[in-house]
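Below is one structure, written out as structure tokens; comments come after it.
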Amino acid sequence: MTQKHRQPEVNIGLVGHVDHGKTTLVESLSGEWTDQHSEEMKRGISIRLGYADATFRECPELDEPDRYTVEETCPDGSESEHLRTVSFVDAPGHETLMATMLSGAAIMDGAVLVIAANEPVPRAQTEEHLMALDIIGIDNIVIAQNKIDLVDREQALDNYEAIEEFVDGTVAEDAPVVPISAQQDVNMDLLMQTIESEIPTPDRDPDADARLQVARSFDINRPGTTWEDLTGGVLGGSLTQGQLEADDDIEIKPGREIEEGGQSEYQPVETTVRSLQAGGEFVDTVTPGGLLGVGTGLDPSLTKGDALAGQVAGPPGSLPPTRESFTMDVELLDRVVGEDAEEIEPISTGEPLMLTVGTATTVGSVTSARDDECEVQLKRPVCAPDGSKIAINRRVGARWRLIGVGTLR
């Protein structure tokens, strides 16, 4: 008897331009649709990070790539063998939602960059997402050239050459390009084979203190639930180190905002892990990899509507400091990513920046700027260790655009 549900051991981001087929690709591999927010259904684009797990299996008697499958039964009727379960993070491809994409990148071990074969390369968001992977240092990348069913052979080859030219000199320059049709299920076995070889499960230290990067938080109680039947708030995110068990005590930082005498400050929140969910199953222990649901004893009003997204949880006393301001070393890009591609001016004192640190996105005001470093005062504090990478966005026209990367000092 095979174990059908296993905890995912690696997080793979799906990135690329809106409507290039990322969500269809997840559905093809996992049978799940990641757009589970009502607003997303209406607009047809992933707004918050969508998650879905897929179990890769193989039929050992078949040749590559035919041996790779997500089915439990091989063509000859025998049972397929479990390779590993992966968690896909479907990052939004919508321009104004770049911050969500960047917060998702903080929990990705590798990425599949989805590029449509029937559109010019690169589209603005494709370029911006690739830049984000570069900034955060994700270099295990596979490129899926999707929608090949909509073009002829010559168009597909021209598009392939455009992709190769586009990724030249970037973190994805050696990434394999796999032609697929997620809609028609073409070459999905080859894509799985390529993911297996290019995006390995990272080595992790099982003895480190648990650290959960919170990317979502929910109140799962239905309206009208009586207080006796209320379920505590739920955190969704990724364990980046250590392990977490039911009944563990955890601290969440920066925590909740407390207002006193017209001043507000953030205070860490402590609670107990009531339940753990991984790979769609309730489990007693979770290890790094995949996306988890952590049921807590928190008042659900604290967690509803992603109120704790961007926070960090772990054993009390083990977390990095909460920072209301910090100094960072800055490396600016040569130009703003996007259609207008204008040059980037140096950061100046007084300007607002949108900063993504781990899964947290906050706005900071620059209090001091020198050549390659600046100090910022944050609107909402973050919990982050020294050396953290920070994506820096500046207001360009009506949008926040990625302009560089900072390293927390």
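Numbering starts at 1 and runs along the chain as displayed.
Every residue gets a Cβ built from N, Cα and C, even glycine.
Keep in mind the model is a prediction, meaning the values are calculated, not measured.
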Which range of 90-93, 122-125, 242-245, 246-249 is region 'G3', per Swiss-Prot: 90-93
Which range of 44-48, 279-283, 289-293, 379-383 is region 'G2', per Swiss-Prot: 44-48
Swiss-Prot annotation of region 'G4' - which of the ranges 146-149, 226-229, 238-241, 338-341 it falls on: 146-149
Among ranges 16-23, 200-207, whichever one Swiss-Prot labels region 'G1': 16-23
Averaged pLDDT, computed only over the residues in the region 'G2' (44-48): 40
Cβ packing number for Asp19 (Mg(2+) 2 binding site), 10 Å threshold: 16
